[in-house]
Each structure stands twice: as C-alpha cells, then as structure tokens.
C-alpha cells in the first residue's frame, strides 16, 4: 500500500494512503537509507510503501525514490544528518531583523544547502510591524541583495495579516517547506494562511532574545487551491553536512559566477593570487556579508563548528 508521510513524531509516522486514510506507522529497527547517515531515515514528504501485520500494526517497508530533499547536520550528533523534508517544490525561509535577529550567516548557510540539493528558496521577512527606521532600512538592503542574487522576497507581518495573501498565492500547487530560526513567527504565519490549523505560538526568551520551539514535530498541511506546507521545528543553528570545501563556492551563485575568472582552477578565494572573487568583493560586486558567510562555511570541518547558533 502506497502513502505519503504527513507527520513525523520521531517514533511514529502518520501516512496518508492513496485511498484517503491516515495510518500511524512504525519503521523496523533495521530500516536504513543507503548512502545517507541520518537521524531520521524517513522524512515528511516521503512516499512510502506500508504493510500491516496480523496484529494490525502498520510498518513502513520501503521508501520511494526522492525528487529531492534538504538536509542539515544533526544538532546533537556531529557525524549524522537530519533530513528536514523530502520531495519539495520550494522552501520558504522566514527571516526577522529583530525579535529575534536572523543572521546573514544563517540565511546563507540555508541558501547554500538548498542550492546543493536543488531546492528553490524564497525569503519571507516577517514582523515588519515591529521594526524602527534603522531596522526597516537594513531589511530593505537585505531584500535588495537577495533579490539581485536571485532569491525572491516577501515583506510580511503575519500577526497583522499584512502581506500574507501574496505568500498564500505563491504556495498554491506546490509542496513548500517553511523553515527559520526559533521565534521568527512560523506558526503565526501558518495560522494566518491556514486559520483552521490554529497552531500554538510562543514567546521570545528575554535572556537570549531567541525563540522557543512551539512546533515539536514535522507536519504537512494541505493548502487551499492545492499543494502542501511542511512545518518543521524552529532551528537555532544550521550546520552543513557532507559539503566538501571545494564545493562550497558552487552554492553561492555570485561567487560561482566570478570564480570562472580566477587564475587558478582550485582557488579557494581566501589568499590565492589572481582571485577574481576577492577582487569582486573589494569592488563591492559581491556582498561582504555573503563572502563572510562563504568563509565561515569553509571552516565547518572544525570540530563542533556546527553547534554555533548561526
């Protein structure tokens, strides 16, 4: 029996079958995916085959080939990955300038990972109602930067339902992963787009100005007009996984473009003579923040680097 994984609680998977039923399934203890060292071998968005034993317990017996997936380093196991979702048409990364602040390093790590796994990304700048003049100016500068690179952006106040109609229209007919730091208003945005869901929303920790998780498990929700939203727990850091040093520049669109003009084919864009990328940074043709993110990702082989809350 074939079905779509619509919720993952860690020990159980909720699967929607082709005949419209939803069945709670387990996976056998030895179930593993070839080539992927993951804390969760099955992810929301996966198409699977299920079998039901004589006691009526359903098991996932097989996972079908994925169109794509997006992955990050597991937060507690440095040698393993965590699959955020599978079979995506796009990701939407929710960004906040304050309350809490989303760093450009976090944004760029997410974008580079999505590029590596061939998943298009759009950015949602949320909580626009809370920003002062300086915050708004900085937000607009980031929107100009990422739009120029090739990442469409939305300006939204999910709490006040401003800009949410444009986001909702863009979701129609697509399977979309919603992601972002803890506390950026992901659940509030889903409530604005899909009011029937009434997801729990949380407060911001005063001590660290970081969000506290309100989504505990990954779950998929249908969108009016077709398509699905995949809601995942908020992320405090985004560690890359299985990305070789020489590959990192390929996943920064503008760095990859200028690297074709470097003197050396194996240029790392750090210290080599004749580096077209560093020349472009000095001429402000490549954003300094993007170049800083690139250098930061080159250091990911260092022990424990992924733990930092970027």
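Cβ coordinates come from backbone N, Cα and C, glycine included.
The GTP binding site annotation in Swiss-Prot covers 126, 127, 128, 129, 180, 181, 182, 183, 184, 185, 186, 187, 188.
Per Swiss-Prot, Zn(2+) binding site is recorded for 262, 267, 269, 275. Residue 262 (Zn(2+) binding site) falls outside any helix or strand according to DSSP and counts as coil. Close to residue 262 (Zn(2+) binding site) in the fold, though at least 6 residues off in sequence, lie 269, 272, 274, 275, 276, 277, each with a CB less than 8 Å from its CB.
According to Swiss-Prot, the domain 'CP-type G' annotation covers 77-238.
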- Message: Can you name every residue in this chain, apart from 262, 267, 269, 275, with its Cβ inside 8 Å of the center of the Cβ atoms of the recorded Zn(2+) site?
- Response: 259, 263, 264, 268, 270, 272, 274, 276, 277, 278
- Task: Using C-alpha atoms only, work out the spacing between residue 128 (GTP binding site) and residue 267 (Zn(2+) binding site) and round it to an integer in Å.
- Result: 40
- Message: Just to verify a number: CA distance, residue 267 (Zn(2+) binding site) to residue 180 (GTP binding site), in angstrom, no decimals.
- Response: 32
- For the binding-site residues 184, 267, 275, the one whose C-beta sees the most other C-beta atoms within 10 angstroms: 184
- Show which residues of the chain containing residue 126 (GTP binding site), separated from it by at least 6 in sequence, have their CB under 8 Å from its CB. 94, 95, 96, 156, 157, 158, 184, 185, 188, 189
- What count of other C-beta atoms do you get within 10 angstroms of the C-beta of residue 188 (GTP binding site), across all chains shown? 22
- Averaged over the whole of the domain 'CP-type G' (77-238), what is the pLDDT? 88
